[in-house]
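> Below: one structure in structure tokens.
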Amino acid sequence: MKRLPVLWLLLWVCALYSAGIYLFVGGFLLVRLEVNRTSTCGDVLQPGEEPADFCRVQPRFRRAVLLIVDALKIDFTWFDPHNAAPRPYENKLPVLEETVSSRPAHSRLYPFRADPPTTTMQRIKGFTTGSLPTFVDVGNNFASSAILEDNLIHQFGQVGKRVVFMGDDTWENLFPKKFHRSLPFPSFNVKDLHTVDNGILQHLYTTMVSDDWDILVAHFLGVDHCGHRFGPDHPAMADKLTQMNGVIRSVMDRLQNDTLLVVMGDHGMTDTGDHGGESQKETDAAIFLYSPSPLFPAAPSEVGGRSEPDVVPQTDLVPTLALLLGVPIPYSSVGQVLLPVFPPHGQTKGAVGGLSQLEALWINAKQVNRFLETYSGMAKDIPPESLSRLKADFSRLSSEYLATVRRGRPPSPQLAASLQAYLTSVRDTCRATWARFNPLKMAAGLAILAFACLTCFVLSELSFELIREDGTGLRAPVAAALMTGGCVAAGQLSARGYVEVAWCLAAAALSSELLFLWRARRSGIAGAEKIGPTSGWLTPRRLLAPPVLVPLLRCASLLSDSYVIAEGRAVTFLVLSLALYIPIRLNWDGLLLPPSHDSLKAAGILPPPALSPSTVRKESGTLLACLGLLVGSLYLSLSFHACREEQGSCQPSPFLSPLSRLQDSRLKNLHYVLSVFALALWTYLLRRCLRHYGNLNSASGAVFAARWVLLLLSVCLALYWAVSATPEDSFRNLAELIAMAQLALPRAAFCLLGLGLALIWLDPLTVYAKTKVQASARGPSVPPRYRASTAISPQAELHHLIPQIYQRMRRSLDDDGELSAGSEADGRPAVEAYGLGTVYSAPLVLFCGLLGMGLLLLHPEGMALSFLLLLLQMGAVLHIHASSTTLSGLHGAGSGCFNVPWTPVVLWSLAATQFFHATGHLPTFPSIQWGAAFVGFPEGHTGTVLPASLVTLNTFASHILFSVGCPLLLFWPLVCEVRGGRPGTACSEEGEDAVMEMRLRENPQQFSSALLQLSTRYLFVLGAQVFASVCAAAILRRHLMVWKVFAPKLMFEASGFLVSSASLLIGVTLVLRVDVAVGRWFKRLIPDASR
């Protein structure tokens, strides 16, 4: 078998797709330009009538306490005295409502609206810099880097204020060495509800009564972690909110008159306790302002003319705090001051003091205008008409304000409203502008992906020709890529003095693709008689065939936001439709039922049918039974789907919640029993399959993994589920033992998984050879005869015996072919090789089985049932494919005999997407199961690589399993081969028994070609889906739902492709590794073959 050409060609195709994805994403998801300038107290903002704008008046407050309660949703702060049966998150913060009602001049409670993405790092960045995040910022949430833009923490330090911080260690990463004193606590462990909060409380009150601070920041995480772990509707949430109520009350009691208290949430949470998206439940947090001295000059009903609180954007906190505390507004802030905390014009004397509303708005407007001028001069991406309009508005407002000040007249009521409208317009313009794109990079990425899809399709059609050339057809495209990329890099160096890698990659990928397609066209014309016409794909009849129509419909529908939202059910329908097409097509061709009696065939005038009627009935029954199993598993898998925020009436699966969240002990026990049953059945089915084909008889490493590692891994998972579901307040005497088990059991499972996969890789053969010397042996000079069986039991040997394999072994190993002649002679020593018929598929099945159990460990316990359905669906698809191949007579060992048709390949790829949804995942950021990062690491991580890897494995588990198992589509028709039922072609001899996967060994060139063709077809289907997502994002980049639907879908589709292609390479490499081991085994068994 030609192994290296297969690997190199697949690596090259994957590299082309990756280059296209990299270029498009680089043009589609750009981080906005940061203005690295800072404001100072000496700044004179234009137009300037004053010697300085910032710091020119006595600040309202000398000190401030910022209590950030992570994920403090606005719903948590409302208090309803008439609610007799409040839910766990209701009526738990009465101190806020009591204070607002009893002291309206001292306090306010507002909804505090965050800009998406609603992740903690981006929110801290938003309410300290006053800037707006971009979509791609969400990827930095768990790899926080220092904030370089001007911010409040920097401004506090610049004017000499001492900032003391305690809580979430994200602040320490964002503001390194900026605090007078810092007490950070690890924040990434979402299962830990108390460490951060208790650590803060140990120092909070003692710090407040001391005199070594000016700004005190305390960031509590318990509420957020409780939401992630249990959801908001859990008694643990009631305990946490009650604790926060006591903290707020205690802090208020310790405040001095010159101190401002700000209690706020950085974001909200969904009904499942998650966040990260842009639904109102995720964006609407709460902000509570309080001071022992009068803070608000008017009652709530007199502010804005409404009794209901206004919604306060988070960016507005920055200029408000800056002016209240007497520090410059950060340079890049686009927020506007919160007017109710400033007195109306002319009422600044007396107890309130400080700036008036109009003065605060004027300073705010000049600061925003300065930023707008600086940014527009650097970035050039704000539309000229919008920029001109904003400049004209500011010029008009400046003239009006300055004229009012010079004449000493009271300002018109409309002036403050006009300044507010100007500030709002600037923020809206910036928000629209910072969703900016690089059309050239996007176009290059689209072109590379389009040519990559075409290249992949041509490669699958010309796989036999390329393998026959021994991979030499790849040398020219690779050389062209290196030369073109080098030339572009040299040109950039000479012209600009630096190299932009993206354009080097674009030039290299495009030149490589175009040269390959040009050479393939010549090769295709020359070999058209051997490979068949490829232009037939463009005919309407072929395009309307279900194997082509289904993926075309799926790709086209990615342009619809409604389809993306309902993708889980839509893909389930497509899988079902394509599966039903197979028996319908067989019946249409007259292959599903035995042929009617023909007197000519009975008389011997015409050749008999290839398959006997009983064989046809058996295969048809198997196909229909597996179809029923597939339909059943598809229907049951719908019970494990999650819900998007747009699906209002949808109810998420109860199996998505970890057992620790369940309150009902009966329901918890039932879920646990079902999960353990599914796990046991998964283990049994894998071992039963391997035992049935005789793959558990040898002493190899793979068999050891199947016998012992698989069993021990199952036990570890079952025990881990039991201890992780144990409530923290039960079994207090065993608390340390349970904590140790929660740490040790998953790590032991990871070690067992690594051991099992390593054993399969290093020693993959599951073949057992047994020599039996018969009594009538003719002498030692007579060579032995060999036969390969798949089982030791007489019954299994009867059904899966591979006789007369000796000549085939010799023929495949002997260069001269002289030993291929001769016939079997009774009495010679017999060597029976059990499991030889499934020598390739058995290690792959075991590898997928072990890997599936490892991936299940990263999911909630209830997903064991979904993973069992995934296993049953994979088996059903494989058997449907095998039975349809047998009935159609499509497989054999001649040219193209091993080719896997498009229908099972498309079905296999759709099944991967279908089970992405059936394992509780969605193409949205809030649906990411972050808890996977803490399986085996309850104390958190020091870096980000390991947790990111665990979350990736959890998210794309179905993609990984289906991609690694993709070569099974090639092997399974041979595994299920019918003995004595093959047509008399060049691939077999009349009356010959089934030899199963040894046919591949006999025809190494066809084996390599078929494996390459299957892999490229699978990559083509996956790549077409990525290309469709890319097109949807490019075409609909100004669509209302682009950042909520299409951009996340693009990110998940691209990430899924990269994970799938890497997993496919692992599966193919394992097959090649098995082939090497089989060759060595034959050479040891037949010594003279190694000459």
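Including glycine, each Cβ sits where the backbone N, Cα and C put it.
Note that the structure is a prediction, hence the values are computed from the model and not measured.
The transmembrane segment annotation in TrEMBL covers 7-31, 440-460, 472-491, 497-518, 669-685, 705-723, 744-762, 839-858, 865-882, 956-975, 1018-1036, 1056-1074.
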> Using a Cβ cut-off under 8 Å, which residues of the same chain at least 6 positions beyond either end of the transmembrane segment (669-685) come close to it?
654-655, 659, 662, 710-711, 714, 717-718, 721-722, 725, 849, 852-853, 856, 861-862, 864-865, 867-868, 871, 875
> Using a cut-off of under 8 Å between C-beta atoms, tell me which stretch among 7-31, 472-491, 839-858, 865-882, 1056-1074 contacts the transmembrane segment (705-723) the most.
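The stretch with the most contacts is 839-858.
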> Which listed stretch (7-31, 472-491, 744-762, 956-975, 1018-1036) has the most C-beta pairs under 8 A with the transmembrane segment (440-460)?
7-31
> Out of 7-31, 744-762, 956-975, 1018-1036, 1056-1074, what stretch is closest in contact terms to the transmembrane segment (472-491), meaning most Cβ pairs under 8 angstroms?
7-31
> Taking residues 6+ outside the transmembrane segment (744-762), which of them lie with a CB under 8 Å of any CB in it?
701-702, 704-705, 709-710, 712-713, 716-717, 719-720, 723, 843, 846-847, 850-851, 853-854, 857, 935-936, 1070, 1073
> Of the listed stretches (956-975, 1018-1036, 1056-1074), which one yields the highest count of Cβ-Cβ distances below 8 Å with the transmembrane segment (7-31)?
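The stretch with the most contacts is 1056-1074.
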> In the same chain, which residue numbers or ranges, 6 or more beyond the ends of the transmembrane segment (1018-1036), come under 8 angstroms Cβ to Cβ?
10, 13-14, 17, 20-21, 24, 28, 442, 445-446, 449-450, 452-453, 456-457, 460, 551, 554-556, 558-559, 905-906, 908-909, 913, 963, 966, 1042, 1046-1047, 1049-1050, 1053-1054, 1056-1057, 1060-1061, 1064
> Report, as numbers and ranges, every residue of the chain located at least six residues beyond the transmembrane segment (956-975) whose Cβ falls under 8 Å of a Cβ in that stretch; write 'none' if there are none.
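Cβ under 8 Å, 6 or more out: 693, 837-838, 840-841, 844-845, 847-848, 851-852, 855-856, 858-859, 870, 874, 878-879, 881-882, 885-886, 891, 898, 900, 904-905, 908-909, 911-916, 918-919, 996-997, 999-1000, 1010-1011, 1014-1015, 1018, 1055-1056, 1059-1061, 1063-1064, 1066-1068, 1070-1071.
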